[in-house]
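Colleague: Pasting a structure here, questions to come.
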């Protein structure tokens, strides 16, 4: 009977040692503070305590920054693209409108006035007679040359509302011999339009102007409004 017990003890000893070893291992693990379900937390803790190299952390932050910039660019690019499309549509509409306007036939440019087959430009600035003549030449016209009584009345009334205005009449070549800028002389039929006592050539007054209800001679260096004149354009009949 004692031999059986002794044999039983011998048979149980390896199992007891295994249990003791297992128990000791568990206690040892607990003693070091590890738990079977705490692996992820421990790994995260390692990252937090700077076990990841600093270069990798910087790289991670750089990648995040780049991604943020890309997202912001895409967000702001959408309204910008819509605005560009709207501007393009407006530009195309204006281009089509301009093409339609250009096809319209006008006897005179937009800022000119038509009268009896001629176009007249009434300046809003003031220049000397020579500068006024140059301004007219630059637009393919000349300082106004009066050809009829109707034209004279039209120009006199228009100038009266605006102020003293140059015409294309001078006597620079020979005193008291007045001629137009197209080379034609002043005829006797137009002498009646001089104001009373004019022209008097008071102080080298060699250029004519519209003044109030008649003509006046004055210094060519004075600054006045001016009138340009050119032939109107013939439009084809529709």
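Just so you know, glycine gets a Cβ as well, placed from its N, Cα and C.
Source: prediction; values computed, not measured.
According to Swiss-Prot, the record shows the following:
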BINDING   198, 200, 202, 205, 216, 217  Ca(2+) binding site
DOMAIN    115-229  domain 'C-type lectin'
CARBOHYD  130  N-linked glycosylation site
CARBOHYD  216  N-linked glycosylation site
TOPO_DOM  1-51  topological domain 'Cytoplasmic'
Colleague: For residue 130 (N-linked glycosylation site), which residues of its chain lie six or more apart in sequence with Cβ-Cβ distance below 8 Å?
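Modeller: Counting only residues 6 or more apart in sequence, the Cβ neighbours of residue 130 (N-linked glycosylation site) under 8 Å are 220.
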Colleague: Most Cβ neighbours within 10 Å: which of the binding-site residues 198, 205, 217 is it?
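Modeller: It comes out as 217.
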Colleague: Please classify the secondary structure at residue 205 (Ca(2+) binding site) using three-state DSSP.
Modeller: coil
Colleague: List the helix, strand and coil residue totals of the domain 'C-type lectin' (115-229) as derived from DSSP.
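Modeller: Output for the domain 'C-type lectin' (115-229) reads 30 helix, 35 strand, 50 coil.
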Colleague: For the binding-site residues 200, 216, which one has its C-beta crowded by the most other C-beta atoms within 10 angstroms?
Modeller: 216
Colleague: Given the model, what does the mean pLDDT over the domain 'C-type lectin' (115-229) come out as?
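Modeller: That region's mean pLDDT is 96.
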Colleague: With a radius of 8 angstroms around the mean position of the C-beta atoms of 198, 200, 202, 205, 216, 217, what other residues of the same chain does the Ca(2+) site pick up?
Modeller: 197, 199, 201, 218
